[in-house]
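Before any comments, here is the structure.
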Amino acid sequence: MTLASIRRGYHVIKTLLQYGLDDVLPPKMTPWYFTLARNSLFWIRNKHKDKSGGERLKLAMQELGPVYIKLGQMLSTRRDLLSDEWATELAMLQDKVPPFDGALARLAIEAELKAPIETFFDDFNETPLASASISQVHTATLKSNGKAVVLKVLRPNVETKIQADLLLMSQTAKVIDYLLGEGNRLRPAEVIEDYRVTILGELNLKLEALNAIKLRNNFIDSDALYIPYVYEEFCYPRLMVMERIYGIPVSDIVALKAQGTNFKLLAERGVELFFTQVFRDNFFHADMHPGNIFISRENPENPYYIGLDCGIMGTLSEVDKRYLAENFLAFFNRDYHRIAQLYIESGWVSEKTDLQAFEQAIKVVCEPMFNKPLDEISFGHVLLELFRTARHFDIVVQPQLVLLEKTLLYIEGLGRQLYPQLDLWQTAKPFLEQWMAEQVGPKAMFKKVSTKLPYWSDKLPEFPELIYDNLKLGRKLLSSQQQMLDKYLKYQQQAHKSNYLLITSAILLICGTLLFNQDATLLSPYVCLISGAVLWIIGWRSRPKNRKF
């Protein structure tokens, strides 16, 4: 551990103590040596006793900077781990930081291009259009076609700073894991590892560019979603160039109302887009907060979404998709037994789980939701409550399912903000039922066979040889089995004979011993003893030598 990391660790602990966050630790995590270290190394006391624990954590993360802000934002989606109060407070964290010098941005861009900016772009504006904790955006005009573009560039040395903070987080999480012991629900090391994978993915703008290109191609003919064009030839790990868009932020309800936007259609399209990305394309935008979503200015009666920032994308396996769809359908059919079965069948919880106890726990949580009208039931909260319940049965929450839950909560909140009467179930149910119908039956089977056709057509010429080899192997196997059977029968015969002789010898030896104490002829006991000994020797020598068949 370097001096810099020790200094940073001290600063982090000092900040957390300033906000009194040691007060929320359970007693088992504050043994005497912890208290001694706290009082000798840190003489700071809680300066914010008037604030709740969740608010203090939010303020501490805000003060610690971008990496901790992003961690807080991610934790706000883990309501299966945190209380609603804490999660709500962390959701208020804003990834807003002062911009860095435009001259430094120019140097960073030119380092990636390996040429002056003016070689490829005109009108480069050193004043950023927007800035965030990881990157900054500048406007320019493409020299080759005169089109307006934006250049997204990483902050100087951001990778080093993030790696240092991640290392510190990881080490701290392991210590907390150790203090909490086996069976703790928080699993801090697991949470930090998920966060590490997510944030490191955001540090590669080339990967983000490829994600954007793929998402754009998936919706190239869509009238519901537009992804700006990415100029791949100008994309590098620390630089990304894409088409500039001119939309209205989805959070600007006043501007959307002023242009006469069809809010009902917009809200329904948002839900359809989510389920299309998840179930049709298996590739969904997992960072759909309001800052990344804009609405088109033209044709407000037929509005479409404009999606930005494809740094975090989610995918699900075919198995996860199927179980997820069945979960939602089973929930709205109030089939809690099926939900419990699905969690076990999918491997999300152990097959050793008590099915009846799990079903009862799900029923206790889900049944009260039906006291509301269907159009007020939240998909995201259904998924959240199911995960939270399953947590008590040692669920292994997959990172992609956490991303899905977060995205679903964003989409629902957005949809109901745009159109409070949105009936999410009526919008999504036909889509889910159609998708499930496509997964079973003759059409689904034909489709699966069709996708495998090139593979099997390539293997078809090998079939005659494979059949011949298998028949040949079968004959050898039958012959081998017959030999094994013969050996086994011979072994059994030898064993029976040996056992018979040994038992008979034992009887004769016992009889000979008893006859010594009886009024028998002097010869009788000796005949029995000698016969018994001879039979024992013959029986012992006739035992099967081994059991290898």
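Keep in mind that glycine also has a Cβ here, set from the backbone N, Cα and C atoms.
Quantities reported herein were computed from a predicted structural model and do not represent experimental measurements.
These features come from Swiss-Prot:
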- 123-501: domain 'Protein kinase' (DOMAIN)
- Leu129, Ala130, Ser131, Ala132, Ser133, Ile134, Ser135, Gln136, Val137, Lys152: ATP binding site (BINDING)
- Asp287: active site, proton acceptor (ACT_SITE)
- 498-518: transmembrane segment (TRANSMEM)
- 520-540: transmembrane segment (TRANSMEM)
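Shown here: features listed in Swiss-Prot, placed on the structure.
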| residue | record | Cβ within 10 Å |
| --- | --- | --- |
| Leu129 | ATP binding site | 14 |
| Ser131 | ATP binding site | 18 |
| Ser133 | ATP binding site | 20 |
| Ser135 | ATP binding site | 23 |
| Val137 | ATP binding site | 19 |
| Asp287 | active site, proton acceptor | 22 |
Need the DSSP three-state call for Val137 (ATP binding site) to compare against my parser. strand
For the ATP binding residues given in the record (Leu129, Ala130, Ser131, Ala132, Ser133, Ile134, Ser135, Gln136, Val137, Lys152), what is the largest pairwise C-alpha separation in angstrom? 14
Here the Cα-Cα span from Leu129 (ATP binding site) to the residue listed as 'active site, proton acceptor', rounded to a whole number of angstrom, reaches 20
For ATP, residues beyond Leu129, Ala130, Ser131, Ala132, Ser133, Ile134, Ser135, Gln136, Val137, Lys152 with C-beta within 8 angstroms of the site's Cβ centre include exactly Pro99, Pro128, Val153, Arg155
To the nearest whole angstrom, what is the C-alpha distance linking Ser135 (ATP binding site) and Asp287 (active site, proton acceptor)? 15
Rounded inter-Cα distance in Å - the residue listed as 'active site, proton acceptor', Ser133 (ATP binding site): 15
Using DSSP reduced to three states, classify Leu129 (ATP binding site) as helix, strand or coil. coil
Let me know the model's mean pLDDT on the domain 'Protein kinase' (123-501). 81
